[in-house]
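The structure appears right after this line, and notes come after that.
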Amino acid sequence: MIVQHRTAPVTGSAHFAFTDRWGGVSAAPYGELNLGGAVGDDPAAVGANRERAARHLGLDPAHVVWMNQVHGRDVAVVDGPWGADAEIPAVDAVVTARRGLALAVLTADCTPVLLADPVAGVVGAAHAGRPGLVAGVVSAAVEAMVALGAHPSRITAHTGPAVCGRCYEVPEEMRAEVAGAVPGTWSETSWGTPAVDVTGGVHAQLAALGVTDRHASPFCTLESGDHFSYRRDRTTGRLAGYVWLD
C-alpha cells in the first residue's frame, strides 16, 4: 500500500509517504487503491481507500487536506481541514504550519512534491505536471512556506513516483519550449524521440531556490504496473503523496 514512508529524525519529525495502487477496494480499471475522487470511481470506494491509507499511516482521515488540482500555480495556506460543506479551492499546492495536519497530492504520471521544514514547523505539497511546472508551482509552494517561516536551506524535499524522462514523449517544439522555461527538463525517450523530464525540472527548480536536501522516487509510473499511469491507461486511479509534522 505505501511505497515510501520516511521520517526526518529532527525536532518535530516530518513524515513523507507515497502510495502504490495496491491494498484498496476499488474495482477495475481503478483497482485497487484509487485515492482520486474525480476519475469516475465509486465515491464510496474512494472514501474507503482514503480511510485505509490514512489509518495505515497513523493519520486521522478527517485531518488530511486534499486539493482540487488544475495544473496551475496557485497555493492555499491552510490551518485545518476543509469544512464538510466547503468548496475545495482550485489550487496545485497547499502549505501549513499546523502540526498533525496532513497535506495530500494526487497524481498518475505528474510529479508529486512533498516539502518540509521541521525546524519552522512548516510543510507543503505540490502537484507538478508539465503545465504547472512551467507556470511556477514549485517556486510558489516554497515561497508560501518561506512566508510562514521556513527557510530553503532547511527544507527537505521528496518527489514521488512519476513518468520518467525516458518515457514522457512530447513533440520537439514542446520539449524546446519547456526546456527553455525550466532547465533540467530536456530529455530523450529510450527509443530516441523528444521527451520532457518533469521530475528533473522540479529538482532543478528546487536547487535554484536553495533546497539542497532532495530525494527522488526511483519508480516510473508508466513503466511500473504497481502504479497508476494516465498516459498508459487513460481511465485509471490516482496515487497520493502525504506530508505532515508530528
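Cβ from N, Cα, C; glycine included.
Among His63, His71, His158, only His71 appears in Swiss-Prot as part of the Zn(2+) site alongside Cys110, His127. Residue environment of His127 (Zn(2+) binding site) contains 25 other Cβ atoms, counted within 10 Å of its Cβ in all protein chains. Ranked by how many other Cβ atoms sit within 10 Å of their Cβ, the binding-site residues His71, Cys110 place His71 at the bottom.
One way to see the shell of the Zn(2+) site is to take the Cβ centroid of His71, Cys110, His127; the remaining same-chain residues with a Cβ within 8 Å of it are Gln69, Asp92, Thr107, Thr111, Ala128, Gly129, Pro131, Gly132, Val137.
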